[in-house]
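Visitor: After the structure tokens below, expect a handful of questions from me.
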């Protein structure tokens with residue numbers, strides 16, 4: 001845990017799991033860090049550069065930097081979406097990232113098991129082993145292996161079958177937008193999970209399950225934080241105008257834009273395919289809409305809405 005960060009960090013430790021055959025280690029453990037919405041703070045992140053090469057962020061006041069947890073999440077996303085799936089680097093960071101909750105799963109392993117490339121990232125990008133940031137991948141034995149994000153409402157209308165747009169960006173090419181679907185009435189507030197990514201060596205270690213369950217548990221336990229991030233008086237006015245809170249209060253509805261290739265993964269965790277949403281293209285990859293409803297305990301307000309100007313300081 002990094003005291004200088006205002007990120008919300010909470011560790012979820014697991015028991016030792018079986019070795020990954022391709023990695024030279026005898027044991028390892030996994031845990032998850034979380035980062036609350038960063039808003040304007042994310043302006044320091046240069047989407048055209050790799051996550052471990054962010055000179056503007058490194059030069060900033062430590063209390064205002066993009067926290068290491070987000071850098072680590074982007075490291076995993078670059079490895080999976082940019083290098084494996086050929087998503088343009090500049091498109092990987094999108095408009096939703098600044099207002100989203102992010103979780104990163106880490107593995108603690110012996111130094112000798114870390115690849116030379118990861119060790120180079122750990123020492124920075126200047127080539128002399130001296131990083132302008134205290135550490136690029138947390139420490140020599142803690143590496144990011146998976147990530148997921150949660151985007152709170154509001155959301156743009158759903159893409160229509162056959163449409164094309166950049167990965168989860170707000171703008172869709174053409175006029176193909178629709179409000180209601182087989183499962184969603186077009187009015188109820190929902191959260192969206194996405195950017196689920198696990199590096200190849202850890203894809204059979206239960207990391208996806210850990211990340212999905214962690215994000216859903218957080219949402220269920222903190223439903224008030226899933227509401228539009230606005231002043232409380234404005235939220236109340238929206239609730240009155242929306243006929244009893246429809247579209248304002250989050251009541252447990254969750255959406256994923258699932259790649260066709262991982263549709264079975266989401267189905268395994270209770271997500272249902274929305275036939276009316278059909279298939280559409282995000283960065284050349286076919287996606288489908290899938291929904292899940294989780295039980296939310298009504299009336300729980302464990303925290304305050306976040307200020308739009310800055311992320312809150314939350315205790316772990």
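Using N, Cα and C of the backbone, Cβ positions are placed for all residues, glycine too.
Remember, TrEMBL labels are computer predictions, not curated facts.
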Visitor: Scan 59-78, 79-98, 99-118, 119-138 against TrEMBL and say which stretch is down as region 'Disordered'.
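Guide: Going through 59-78, 79-98, 99-118, 119-138 one by one, TrEMBL gives region 'Disordered' for 119-138.
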Visitor: Of the ranges 153-175, 176-198, which one does TrEMBL flag as region 'Disordered'?
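Guide: That would be 153-175, the stretch labelled region 'Disordered' in TrEMBL.
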